[in-house]
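Worksheet: one structure, shown below.
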Amino acid sequence: MPRPILATIHPAAVHHNLERARRAAPDARVWAVVKANAYGHGIERVFEGLRAADGFALLDLAEAERVRALGWRGPILLLEGVFEPRDLELCSRLGLWHAVHCDAQIDWLAAHKTQVPHRVFLKMNSGMNRLGFTPERYRSAWARLNALPQVDEISCMTHFSDADGPRGIAHQVQAFQAATQDLPGERCIANSAALLRHGGDAQVRLDWVRAGIVLYGSAPDHPERRAADWDLQPTMTLASRIIGVQQLQAGDTVGYGSRFTAQGPLGIGIVACGYADGYPRHCDTGTPVLVNGVRTRTIGRVSMDMLAVDLTPVPGAGLGAEVTLWGRAANGAVLPIDEVAQAGGTIGYELMCALAPRVPVVVQD
(Lines of atoms letter the chains of each structure in order from A and count residues from 1; the text may use other names and numbers.)
(Lines give C-alpha, C1' and ligand atoms only; values in the text may rest on other atoms or scores of the structure.)
Protein backbone atom coordinates (compact mmCIF):
# COMPACT_ATOMS: atom_id res chain seq x y z
CA MET A 1 0.00 0.00 0.00
CA PRO A 2 1.45 3.42 -0.93
CA ARG A 3 2.04 6.21 1.56
CA PRO A 4 -1.24 8.01 2.20
CA ILE A 5 -0.08 11.43 0.97
CA LEU A 6 -1.98 12.79 -2.04
CA ALA A 7 -2.24 16.05 -3.98
CA THR A 8 -5.58 16.86 -5.59
CA ILE A 9 -6.04 19.40 -8.39
CA HIS A 10 -9.44 21.09 -8.77
CA PRO A 11 -10.09 22.30 -12.38
CA ALA A 12 -13.51 23.67 -11.43
CA ALA A 13 -11.82 26.00 -8.95
CA VAL A 14 -9.35 27.04 -11.65
CA HIS A 15 -12.30 27.93 -13.88
CA HIS A 16 -13.94 29.87 -11.04
CA ASN A 17 -10.76 31.86 -10.51
CA LEU A 18 -10.46 32.59 -14.23
CA GLU A 19 -13.96 34.04 -14.21
CA ARG A 20 -13.03 36.05 -11.12
CA ALA A 21 -10.11 37.51 -13.05
CA ARG A 22 -12.45 38.45 -15.89
CA ARG A 23 -14.75 40.27 -13.51
CA ALA A 24 -11.80 42.19 -12.10
CA ALA A 25 -10.79 43.52 -15.52
CA PRO A 26 -13.95 43.98 -17.58
CA ASP A 27 -13.55 44.20 -21.36
CA ALA A 28 -9.92 43.01 -21.27
CA ARG A 29 -8.85 39.71 -22.75
CA VAL A 30 -7.17 37.28 -20.39
CA TRP A 31 -3.88 35.48 -20.82
CA ALA A 32 -3.96 32.36 -18.64
CA VAL A 33 -0.39 32.06 -17.39
CA VAL A 34 0.64 28.41 -17.23
CA LYS A 35 4.41 28.78 -16.84
CA ALA A 36 6.26 26.39 -14.52
CA ASN A 37 3.87 23.62 -15.53
CA ALA A 38 0.85 25.71 -14.51
CA TYR A 39 2.46 26.75 -11.23
CA GLY A 40 3.11 23.14 -10.32
CA HIS A 41 -0.44 21.97 -11.01
CA GLY A 42 0.25 20.36 -14.40
CA ILE A 43 -0.85 22.00 -17.64
CA GLU A 44 -2.87 18.98 -18.69
CA ARG A 45 -4.65 18.84 -15.32
CA VAL A 46 -5.87 22.45 -15.38
CA PHE A 47 -6.51 22.81 -19.11
CA GLU A 48 -10.25 22.12 -18.92
CA GLY A 49 -10.59 24.81 -16.28
CA LEU A 50 -8.85 27.31 -18.56
CA ARG A 51 -10.55 26.62 -21.89
CA ALA A 52 -12.45 29.89 -21.58
CA ALA A 53 -9.23 31.93 -21.51
CA ASP A 54 -8.42 34.11 -24.50
CA GLY A 55 -4.84 32.89 -24.67
CA PHE A 56 -2.15 30.94 -22.84
CA ALA A 57 1.07 32.58 -21.67
CA LEU A 58 4.07 30.45 -20.80
CA LEU A 59 7.84 30.31 -20.94
CA ASP A 60 9.21 27.73 -23.30
CA LEU A 61 8.51 25.87 -26.49
CA ALA A 62 7.99 22.53 -24.77
CA GLU A 63 5.09 23.97 -22.77
CA ALA A 64 3.69 25.55 -25.94
CA GLU A 65 3.78 22.19 -27.71
CA ARG A 66 1.89 20.61 -24.83
CA VAL A 67 -0.86 23.25 -25.01
CA ARG A 68 -1.19 22.78 -28.77
CA ALA A 69 -1.31 19.00 -28.27
CA LEU A 70 -4.33 19.51 -26.00
CA GLY A 71 -6.18 20.99 -28.96
CA TRP A 72 -5.76 24.69 -28.21
CA ARG A 73 -5.81 26.71 -31.43
CA GLY A 74 -5.92 30.20 -29.94
CA PRO A 75 -3.07 32.56 -29.05
CA ILE A 76 -0.03 31.34 -27.12
CA LEU A 77 2.52 33.86 -25.85
CA LEU A 78 6.13 33.11 -24.94
CA LEU A 79 6.65 35.52 -22.05
CA GLU A 80 10.45 35.59 -22.35
CA GLY A 81 10.55 35.22 -26.10
CA VAL A 82 12.94 32.86 -27.84
CA PHE A 83 16.25 31.79 -26.35
CA GLU A 84 18.10 31.12 -29.61
CA PRO A 85 17.54 31.83 -33.33
CA ARG A 86 16.39 28.33 -34.27
CA ASP A 87 13.42 28.68 -31.89
CA LEU A 88 11.81 31.07 -34.37
CA GLU A 89 11.10 28.23 -36.80
CA LEU A 90 9.04 26.38 -34.21
CA CYS A 91 7.31 29.63 -33.27
CA SER A 92 6.20 29.93 -36.88
CA ARG A 93 5.10 26.31 -37.08
CA LEU A 94 3.10 26.48 -33.83
CA GLY A 95 1.71 29.95 -34.51
CA LEU A 96 3.15 31.44 -31.33
CA TRP A 97 3.29 35.04 -30.24
CA HIS A 98 6.52 35.90 -28.46
CA ALA A 99 8.02 38.65 -26.37
CA VAL A 100 10.99 40.64 -27.64
CA HIS A 101 13.07 42.12 -24.84
CA CYS A 102 16.59 42.64 -26.21
CA ASP A 103 18.53 43.62 -29.33
CA ALA A 104 19.69 40.05 -29.95
CA GLN A 105 16.12 38.86 -30.39
CA ILE A 106 15.51 41.60 -32.96
CA ASP A 107 18.70 40.56 -34.78
CA TRP A 108 17.50 36.95 -34.85
CA LEU A 109 14.18 38.01 -36.34
CA ALA A 110 15.95 40.10 -38.98
CA ALA A 111 17.99 37.08 -40.07
CA HIS A 112 15.06 34.65 -39.93
CA LYS A 113 13.67 33.40 -43.24
CA THR A 114 9.97 32.74 -42.95
CA GLN A 115 6.78 32.84 -44.97
CA VAL A 116 4.76 33.40 -41.79
CA PRO A 117 5.30 36.84 -40.19
CA HIS A 118 5.61 36.88 -36.41
CA ARG A 119 3.34 38.56 -33.87
CA VAL A 120 5.45 39.98 -31.06
CA PHE A 121 5.05 41.75 -27.73
CA LEU A 122 7.81 44.33 -27.34
CA LYS A 123 8.71 44.42 -23.67
CA MET A 124 9.56 47.58 -21.78
CA ASN A 125 11.67 47.69 -18.64
CA SER A 126 9.61 50.26 -16.77
CA GLY A 127 11.26 49.65 -13.40
CA MET A 128 11.36 45.90 -12.75
CA ASN A 129 14.91 45.75 -14.15
CA ARG A 130 14.76 42.19 -15.35
CA LEU A 131 13.93 42.08 -19.06
CA GLY A 132 12.99 44.72 -21.60
CA PHE A 133 14.08 47.94 -23.25
CA THR A 134 14.29 51.07 -21.12
CA PRO A 135 11.74 53.80 -21.88
CA GLU A 136 14.50 55.82 -23.56
CA ARG A 137 15.27 52.98 -26.00
CA TYR A 138 11.80 51.58 -26.43
CA ARG A 139 10.66 53.56 -29.45
CA SER A 140 13.85 52.87 -31.40
CA ALA A 141 13.43 49.15 -30.72
CA TRP A 142 9.83 49.40 -31.91
CA ALA A 143 10.99 51.13 -35.11
CA ARG A 144 13.53 48.37 -35.79
CA LEU A 145 10.86 45.71 -35.42
CA ASN A 146 8.37 47.64 -37.49
CA ALA A 147 10.83 47.77 -40.39
CA LEU A 148 11.17 43.98 -40.54
CA PRO A 149 9.08 42.03 -43.07
CA GLN A 150 9.32 39.09 -40.65
CA VAL A 151 7.11 40.95 -38.15
CA ASP A 152 3.38 41.23 -38.71
CA GLU A 153 2.09 42.91 -35.56
CA ILE A 154 3.76 44.60 -32.59
CA SER A 155 2.04 44.80 -29.22
CA CYS A 156 3.44 46.59 -26.17
CA MET A 157 3.93 45.15 -22.70
CA THR A 158 5.65 45.71 -19.37
CA HIS A 159 5.66 44.11 -15.92
CA PHE A 160 4.97 45.70 -12.54
CA SER A 161 7.45 45.28 -9.72
CA ASP A 162 5.24 46.41 -6.83
CA ALA A 163 1.59 46.07 -7.83
CA ASP A 164 0.88 44.46 -4.46
CA GLY A 165 3.12 46.74 -2.41
CA PRO A 166 3.37 50.25 -1.03
CA ARG A 167 5.19 51.78 -4.00
CA GLY A 168 2.36 50.89 -6.34
CA ILE A 169 2.24 51.11 -10.10
CA ALA A 170 1.66 54.78 -10.98
CA HIS A 171 5.29 55.50 -11.89
CA GLN A 172 5.49 52.48 -14.19
CA VAL A 173 2.15 53.23 -15.83
CA GLN A 174 3.32 56.76 -16.52
CA ALA A 175 6.61 55.56 -18.02
CA PHE A 176 4.80 53.03 -20.20
CA GLN A 177 2.26 55.55 -21.44
CA ALA A 178 4.92 58.10 -22.32
CA ALA A 179 7.08 55.64 -24.24
CA THR A 180 4.21 54.03 -26.15
CA GLN A 181 2.20 57.17 -26.92
CA ASP A 182 0.76 57.05 -30.46
CA LEU A 183 2.31 53.65 -31.20
CA PRO A 184 -0.19 51.25 -32.78
CA GLY A 185 -0.87 47.80 -31.41
CA GLU A 186 -2.37 46.17 -28.36
CA ARG A 187 -1.22 46.74 -24.79
CA CYS A 188 -0.67 44.38 -21.84
CA ILE A 189 0.67 45.52 -18.47
CA ALA A 190 -1.47 44.04 -15.67
CA ASN A 191 -0.36 40.95 -13.74
CA SER A 192 -2.48 39.20 -11.10
CA ALA A 193 -1.91 41.78 -8.38
CA ALA A 194 -2.59 44.67 -10.75
CA LEU A 195 -5.76 43.20 -12.20
CA LEU A 196 -7.23 42.47 -8.75
CA ARG A 197 -6.26 45.79 -7.22
CA HIS A 198 -6.43 48.09 -10.25
CA GLY A 199 -8.37 46.16 -12.91
CA GLY A 200 -11.21 48.66 -12.79
CA ASP A 201 -8.84 51.30 -14.14
CA ALA A 202 -8.92 51.37 -17.94
CA GLN A 203 -5.32 52.64 -17.95
CA VAL A 204 -4.25 49.39 -16.29
CA ARG A 205 -6.39 46.62 -17.76
CA LEU A 206 -5.92 47.85 -21.38
CA ASP A 207 -6.31 45.14 -24.07
CA TRP A 208 -4.91 42.11 -22.24
CA VAL A 209 -4.27 41.11 -18.62
CA ARG A 210 -1.96 38.32 -17.48
CA ALA A 211 -3.73 36.15 -14.91
CA GLY A 212 -1.12 34.07 -13.13
CA ILE A 213 -1.22 33.21 -9.44
CA VAL A 214 -4.83 34.40 -9.22
CA LEU A 215 -5.86 31.38 -11.31
CA TYR A 216 -4.43 29.03 -8.71
CA GLY A 217 -6.28 30.42 -5.71
CA SER A 218 -3.47 32.33 -4.02
CA ALA A 219 -3.70 36.00 -3.05
CA PRO A 220 -0.88 38.04 -4.62
CA ASP A 221 -1.06 40.52 -1.75
CA HIS A 222 -1.25 38.09 1.19
CA PRO A 223 -1.26 38.70 4.15
CA GLU A 224 -2.84 42.11 3.53
CA ARG A 225 -5.71 40.28 1.88
CA ARG A 226 -6.58 36.61 1.90
CA ALA A 227 -7.58 34.55 -1.11
CA ALA A 228 -11.14 34.40 0.22
CA ASP A 229 -11.25 38.19 0.33
CA TRP A 230 -10.78 38.13 -3.44
CA ASP A 231 -13.30 35.26 -3.87
CA LEU A 232 -10.56 32.88 -4.97
CA GLN A 233 -10.91 29.14 -4.48
CA PRO A 234 -8.08 26.71 -3.67
CA THR A 235 -6.99 24.73 -6.71
CA MET A 236 -4.53 22.35 -5.05
CA THR A 237 -5.06 20.28 -1.92
CA LEU A 238 -2.20 18.46 -0.23
CA ALA A 239 -3.52 15.85 2.20
CA SER A 240 -2.20 12.90 4.14
CA ARG A 241 -3.12 10.83 7.18
CA ILE A 242 -1.97 10.21 10.72
CA ILE A 243 0.24 7.13 10.78
CA GLY A 244 1.18 7.22 14.46
CA VAL A 245 0.03 8.69 17.78
CA GLN A 246 2.13 9.58 20.84
CA GLN A 247 1.03 10.66 24.32
CA LEU A 248 3.52 13.15 25.74
CA GLN A 249 4.15 14.12 29.34
CA ALA A 250 5.60 17.36 30.68
CA GLY A 251 9.21 17.67 29.60
CA ASP A 252 8.96 15.36 26.58
CA THR A 253 10.37 16.78 23.35
CA VAL A 254 9.39 16.26 19.73
CA GLY A 255 11.49 15.79 16.61
CA TYR A 256 15.01 16.63 15.54
CA GLY A 257 16.70 19.25 17.67
CA SER A 258 14.08 18.87 20.42
CA ARG A 259 12.66 22.24 19.39
CA PHE A 260 9.34 21.63 21.14
CA THR A 261 8.94 20.67 24.79
CA ALA A 262 5.56 19.62 26.18
CA GLN A 263 4.40 21.66 29.16
CA GLY A 264 1.97 18.96 30.25
CA PRO A 265 0.10 15.92 28.91
CA LEU A 266 -0.31 16.26 25.14
CA GLY A 267 -1.49 13.96 22.37
CA ILE A 268 0.26 14.33 19.03
CA GLY A 269 -0.27 12.72 15.64
CA ILE A 270 2.53 11.77 13.29
CA VAL A 271 1.69 12.63 9.68
CA ALA A 272 3.08 11.05 6.52
CA CYS A 273 4.35 14.29 5.01
CA GLY A 274 7.74 15.96 5.14
CA TYR A 275 10.04 18.28 3.27
CA ALA A 276 10.80 15.56 0.69
CA ASP A 277 7.14 15.90 -0.32
CA GLY A 278 7.44 19.65 -0.81
CA TYR A 279 6.23 20.74 2.61
CA PRO A 280 8.46 23.61 3.79
CA ARG A 281 11.04 22.57 6.38
CA HIS A 282 11.06 26.08 7.82
CA CYS A 283 7.49 25.67 9.09
CA ASP A 284 8.06 25.53 12.84
CA THR A 285 5.70 24.84 15.73
CA GLY A 286 2.41 26.65 15.26
CA THR A 287 1.99 26.29 11.50
CA PRO A 288 -1.74 25.80 10.81
CA VAL A 289 -2.97 22.39 9.69
CA LEU A 290 -6.38 20.68 9.56
CA VAL A 291 -7.06 17.31 11.18
CA ASN A 292 -10.45 15.90 10.15
CA GLY A 293 -11.20 19.43 8.97
CA VAL A 294 -10.45 20.99 12.39
CA ARG A 295 -7.73 23.61 12.62
CA THR A 296 -4.77 22.78 14.80
CA ARG A 297 -0.99 23.29 14.64
CA THR A 298 2.21 21.52 13.79
CA ILE A 299 4.59 20.56 16.60
CA GLY A 300 8.37 20.58 16.35
CA ARG A 301 10.59 20.44 13.31
CA VAL A 302 9.47 19.09 9.93
CA SER A 303 11.56 16.07 8.94
CA MET A 304 12.11 14.47 5.55
CA ASP A 305 9.09 12.17 5.59
CA MET A 306 7.03 13.13 8.64
CA LEU A 307 5.74 15.95 10.78
CA ALA A 308 3.82 16.10 14.06
CA VAL A 309 0.51 17.78 14.83
CA ASP A 310 -1.23 18.78 18.05
CA LEU A 311 -4.35 16.65 18.61
CA THR A 312 -5.75 18.78 21.45
CA PRO A 313 -8.55 20.31 19.29
CA VAL A 314 -9.43 16.87 17.86
CA PRO A 315 -9.08 14.39 20.75
CA GLY A 316 -10.91 11.67 18.84
CA ALA A 317 -8.43 11.66 15.97
CA GLY A 318 -6.25 8.59 15.66
CA LEU A 319 -4.61 6.39 13.08
CA GLY A 320 -5.90 7.15 9.61
CA ALA A 321 -7.31 10.57 10.46
CA GLU A 322 -7.36 12.96 7.51
CA VAL A 323 -4.74 15.71 7.60
CA THR A 324 -4.99 18.67 5.22
CA LEU A 325 -1.64 20.37 4.81
CA TRP A 326 -3.20 23.00 2.55
CA GLY A 327 -6.33 23.28 0.46
CA ARG A 328 -9.83 21.93 1.10
CA ALA A 329 -10.65 19.22 3.63
CA ALA A 330 -13.35 16.60 3.15
CA ASN A 331 -15.75 18.59 5.36
CA GLY A 332 -15.27 21.71 3.21
CA ALA A 333 -12.95 23.56 5.60
CA VAL A 334 -10.20 25.46 3.80
CA LEU A 335 -6.61 26.02 4.83
CA PRO A 336 -5.17 28.63 2.43
CA ILE A 337 -1.79 27.72 1.01
CA ASP A 338 -0.70 31.31 1.68
CA GLU A 339 -1.00 30.77 5.45
CA VAL A 340 1.29 27.75 5.34
CA ALA A 341 3.73 29.59 3.09
CA GLN A 342 3.83 32.58 5.43
CA ALA A 343 4.63 30.30 8.37
CA GLY A 344 7.50 28.88 6.33
CA GLY A 345 8.85 32.28 5.34
CA THR A 346 7.92 31.91 1.69
CA ILE A 347 4.97 32.42 -0.69
CA GLY A 348 2.20 30.22 -2.00
CA TYR A 349 3.71 30.28 -5.49
CA GLU A 350 6.78 28.42 -4.23
CA LEU A 351 4.82 25.72 -2.40
CA MET A 352 2.76 24.97 -5.51
CA CYS A 353 5.84 24.74 -7.70
CA ALA A 354 7.79 22.71 -5.14
CA LEU A 355 5.37 19.78 -4.87
CA ALA A 356 7.68 16.77 -5.02
CA PRO A 357 7.52 14.23 -7.86
CA ARG A 358 7.00 11.40 -5.35
CA VAL A 359 3.60 12.80 -4.33
CA PRO A 360 0.75 11.18 -6.31
CA VAL A 361 -1.58 13.67 -7.98
CA VAL A 362 -5.23 13.22 -8.93
CA VAL A 363 -7.76 15.52 -10.59
CA GLN A 364 -11.12 16.04 -8.93
CA ASP A 365 -13.99 18.47 -9.41
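Yeah, the Cβs are placed from backbone N, Cα and C, and that goes for glycine too.
Copied from Swiss-Prot, the annotated features are:
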| type | residues | note |
| --- | --- | --- |
| ACT_SITE | K35 | active site, proton acceptor |
| MOD_RES | K35 | N6-(pyridoxal phosphate)lysine |
| BINDING | R130, M304 | substrate binding site |
| ACT_SITE | Y256 | active site, proton acceptor |
Looking only at K35, R130, which of these recorded positions has the biggest number of Cβ atoms within 10 Å around its Cβ? K35
By a simple count, how many Cβ atoms lie within 10 Å of the Cβ of Y256 (active site, proton acceptor), its own Cβ left out? 11
Please report the Cα separation of Y256 (active site, proton acceptor) and R130 (substrate binding site) in Å, rounded to an integer. 40
